[in-house]
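Take a look at the structure set out below.
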Amino acid sequence: MPEAFPSLADLHARNPLHQAAYPDASAVTEVVKELEQRPPLVFAGECDDLRGKLAQVARREGFVLQGGDCAETFAGVTAANIQGKLRVLLAMAVVLTYAAQVPVVKIGRLAGQYAKPRSKDTETRGGVTLPVYKGDAVNGFAFTPEARTPDPRRLLEVYNASAATLNLTRAFVTGGFAHLAQVHSWNADWVKSSPVGKQWEQLADEIDRALAFMVACGLDDDAMRSVDLFASHEALLLEYEHALTRVDSRTQRPYNVSGHFVWIGERTRQLDGAHVEMLRHVRNPIGIKLGPTTTAADALALADRLDPDHEPGRISFITRMGAKKIRDLLPDVIEGVSASGREVVWICDPMHGNTFEAANGYKTRAFGDVMDEVNGFFDVHDQLGTWPGGIHVELTGDDVTECVGGADDLAEGDLGNRYESLCDPRLNRNQSLELAFLVSQRLTDGRVRRGLRDLEQSGNELAPARADLPA
Ligand SMILES: O=C[C@H](O)[C@H](O)COP(=O)(O)O
Ligand SMILES: C=C(OP(=O)(O)O)C(=O)O
């Protein structure tokens with residue numbers, strides 16, 4: 001008999017971190033009641049489907065691409081903005097699937113990513129101190145006392161914005177927009193002169209030819225019409241996540257129906273904390289961020305608490321150690337978890353350990369550091385013989401200037417041109433696509449190396465000559 005889902009009061013008794021300090025408790029109660037009446041945003045069966053796909057990834061049969069805004073905004077719920085994000089995610093997925101030949105599990109950081117844990121509770125400008133912006137789910141970005149006061153009614157707007165985003169996303173990915181025959185049109189307005197734009201055009205041409213060949217052979221290309229794209233966000237605000245946890249009529253078990261995949265952040269993953277307690281009861285596949293202080297014992301304790309049954313696909317560890325530290329810190333954590341016999345999904349978040357302040361005051365990340373962390377992630381998995389299961393990236397479909405470097409060589413002086421993130425800097429669409437090409441190269445290298453190893457082990461006579469290829 002599964003344990004009862006804890007009440008909101010039980011969770012609050014654990015002193016949860018990074019919550020909103022609402023001035024009016026009765027308004028919170030009203031909002032929670034209303035949210036509890038709203039229909040689910042996702043279905044339990046879809047969460048099970050994703051758990052199955054993640055189990056395949058853990059078995060080395062796929063790769064996760066998880067990406068989207070650092071912080072979604074209500075103003076950003078427009079067709080153009082959502083389409084832009086989907087185009088870049090789908091393009092990255094095509095690069096990984098076609099170039100690296102791995103099935104890609106696509107998970108958007110979208111339709112719910114509206115709340116942010118912050119380093120400080122307040123912000124001071126010109127001698128005035130106000131509550132810090134904690135995401136549109138909590139308060140407004142404008143630097144006024146009215147905007148910065150947490151307002152629980154914003155949670156209803158989170159629900160509405162997420163529903164609208166999911167609705168359009170479902171229409172895009174199943175209604176023909178994602179058809180592989182459209183790859184050219186997804187990015188028709190991309191700068192063709194940029195190196196990554198040219199690389200994309202070449203790949204799109206190849207895909208066109210491959211599809212034409214399939215059709216000429218009499219094969220149906222209908223399977224290429226639609227794709228699966230799942231929604232994810234950090235399960236941070238207890239009022240929202242709790243109100244959207246429902247008992248599934250098929251299984252009588254609780255599911256968080258605000259997104260298919262929810263994760264616990266680096267700042268709220270305390271073993272006895274409210275977030276771990278809440279998510280240990282739900283059946284969704286869940287992510288856990290692991291920063292540079294994580295030990296193997298921490299990771300194992302979290303896995304034991306959140307996945308006592310060792311259920312395939314249940315747990316994804318999203319590591320974000322920083323480019324300088326990953327090669328030293330990650331091996332112990334992976335070895336400790338692997339030694340326990342667990343098969344988890346390992347995902348690399350190369351963003352959150354690589355943030356710095358530019359000389360002109362912008363919070364930024366360098367594309368070189370992002371790539372260095374991704375390379376470190378692949379290096380460590382190659383050395384240990386474990387599977388690098390995916391990447392988790394903050395990105396946008398627009399031409400923003402928030403991260404420096406990349407093929408277009410953005411400099412710190414360019415950051416002010418188009419810095420739009422309300423929290424952390426995102427890769428723009430060229431940087432995102434460039435990252436996908438580099439990751440696809442690492443996956444291809446790994447495939448070649450594993451193929452050679454298998455060939456060698458099988459005693460095939462071709463093996464000695466091939467084994468001379470670079471390690
Ligand atoms: O996205 C992660 C955190 O919410 C973010 O990095 C916190 O930013 P801060 O350190 O500016 O508060
Ligand atoms: C807050 C985030 O990351 P982390 O918990 O890893 O700091 C995030 O991904 O938005």
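Glycine is no exception: its Cβ is also placed from the backbone N, Cα and C atoms.
Any TrEMBL annotation is an automated prediction that lacks curation.
The feature Mn(2+) binding site is assigned by TrEMBL to CYS70, HIS352, GLU394, ASP424. In the three-state DSSP scheme, HIS352 (Mn(2+) binding site) is classed as coil. When Cβ atoms from all protein chains are considered, those within 10 Å of HIS352 (Mn(2+) binding site) total 21, not counting its own.
Look at TrEMBL and you will find ARG109, GLU266, ARG267, LYS289, ARG320 tagged as phosphoenolpyruvate binding site. ARG109 (phosphoenolpyruvate binding site) is surrounded by 27 other CB atoms, counting those within 10 A of its CB over all protein chains shown. Look at ARG109 (phosphoenolpyruvate binding site): DSSP puts it in a strand.
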At its widest, how many Å does the recorded phosphoenolpyruvate site span between Cα atoms of ARG109, GLU266, ARG267, LYS289, ARG320? 18
Other residues, Cβ within 8 Å of CYS70, HIS352, GLU394, ASP424 Cβ centroid (Mn(2+) site): MET351, THR355, SER421, CYS423, PRO425, ARG426
Running a distance check here. Ligand 1 versus the binding-site residues ARG109, ARG267, ASP424: which have CB less than 6 Å from one of its atoms? ASP424
Check the binding-site residues ARG109, LYS289, ARG320, HIS352, GLU394, ASP424 for any whose Cβ is under 6 angstroms from an atom of ligand 2, and report them in sequence order. LYS289, ARG320, HIS352
Please identify, among the binding-site residues ARG109, GLU266, ARG267, LYS289, the one with the smallest Cα-Cα distance to GLU394 (Mn(2+) binding site). ARG109
Rounded Cα distance, in Å, between ARG320 (phosphoenolpyruvate binding site) and ASP424 (Mn(2+) binding site) is 14
When neighbour density is defined as the number of other C-beta atoms within 10 angstroms of a residue's C-beta, which of the binding-site residues GLU266, GLU394, ASP424 has the lowest density? ASP424
Sorted by position, what residues of the same chain at least six away from CYS70 (Mn(2+) binding site) have a C-beta under 8 A from it? GLN113, LYS116, GLU394, SER421, LEU422, CYS423, ASP424, PRO425, ARG426
